[in-house]
Amino acid sequence: MDRSPLFLIIMGAPGSGKGTQSKLLASQLSLLHISSGDLLRDAVSKDTPLSQEIKSYLDQGKLLPDTLVWKLVHEKLDEFQQDTLLRRLSFLSRSENSAILDGFPRTVTQAKLLHEFLSSYFPNYKVILLDISDEEVLNRLTSRYICPACQGIYNEQQGFSSCPKCSVELIRRSDDTLEVILDRIQTYKQETQPVLDYYTEKQKLITIDANAPTQQVFQSILDSLSASLVYQERDCCNCDCDDED
């Protein structure tokens, strides 16, 4: 696969495997894994003006406005972009000159803000959609267990009662109930479809069948990325963007 800097955004319904696939891709392609959920938890644990602003919304049970969530993500992206420039100037390898973003954007406004930023530094960024059926989401979420220590995810079929890595007893998430899961699926569809439409229009979307086993989904992503990047290279080589008048 092409070794030039790469930026990926991964999207999908609850239970589609975003976290798992993000980690696999980060390891395989030397990507920095940026999770908006991790950024939020980290921000709340600190005492900064931004964290205080976030806490004020959370304490009132209010949703964070798009601009505030973007400020949090942009802070990390700006830090990452500056590090990337330093690596390029130092003629270092691509290792972590590229990244995968998980959990953001969730609205069209957020998508537009992110697109404006990425267009300047990673114009060929791609959005991976893990497309999964409602039935498979229900099957996965109603049978999953989580390690409270390392956040590892396991399912009933694996037969673990404790985490094989931490030896900590596995637990069920309190919101992994049928009623809550159905509500989360519906909310996801309502919120995400406009974002998917936006990325489809921008020709950034790569749709992957996520109903398959983990490794099969992972290979499908790699194959699709390779095909997409090769096509982009050929398209660029055939254009006259570098031709003089």
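Cβ atoms are placed via backbone N, Cα and C, with glycine included.
As annotated by Swiss-Prot, ATP binding site applies to G15, S16, G17, K18, G19, T20, R144, I153, Y154, A212. Among the features that Swiss-Prot reports, region 'NMP' is placed at 35-64, with the record citing sequence analysis. Residues annotated as AMP binding site in Swiss-Prot, with sequence analysis given as evidence: S36, R41, K62, L63, L64, G103, F104, P105, R106, Q110, R173, R184. Taken from Swiss-Prot, the feature region 'LID' covers 143-176. Residues or ranges marked as Zn(2+) binding site by Swiss-Prot on the basis of sequence analysis: C147, C150, C163, C166.
For L64 (AMP binding site), the same-chain residues that are 6 or more apart in sequence and have a Cβ closer than 8 Å to its Cβ are I54, Y57, L58. Spatial neighbours are here defined as Cα atoms within 10 angstroms of one another, and by that definition the neighbours of Y154 (ATP binding site) among the binding-site residues S36, F104, C147, C163, R173 are C147, C163. Under the three-state DSSP scheme, R144 (ATP binding site) falls in the strand class. Counting only the Cα atoms, the space from K62 (AMP binding site) to C166 (Zn(2+) binding site) is about 35 angstrom. Sequence-distant contacts of R144 (ATP binding site), defined as residues of its own chain at least six apart whose C-beta falls under 8 angstroms from its C-beta, comprise G15, I153, Y154, N155, E156, R172, R173, D176. Among the binding-site residues S36, R106, C147, C163, C166, the residue whose Cα lies closest in space to that of G19 (ATP binding site) is S36.
Its Cβ placed at the centre, C166 (Zn(2+) binding site) has 14 other Cβ atoms within 10 Å.
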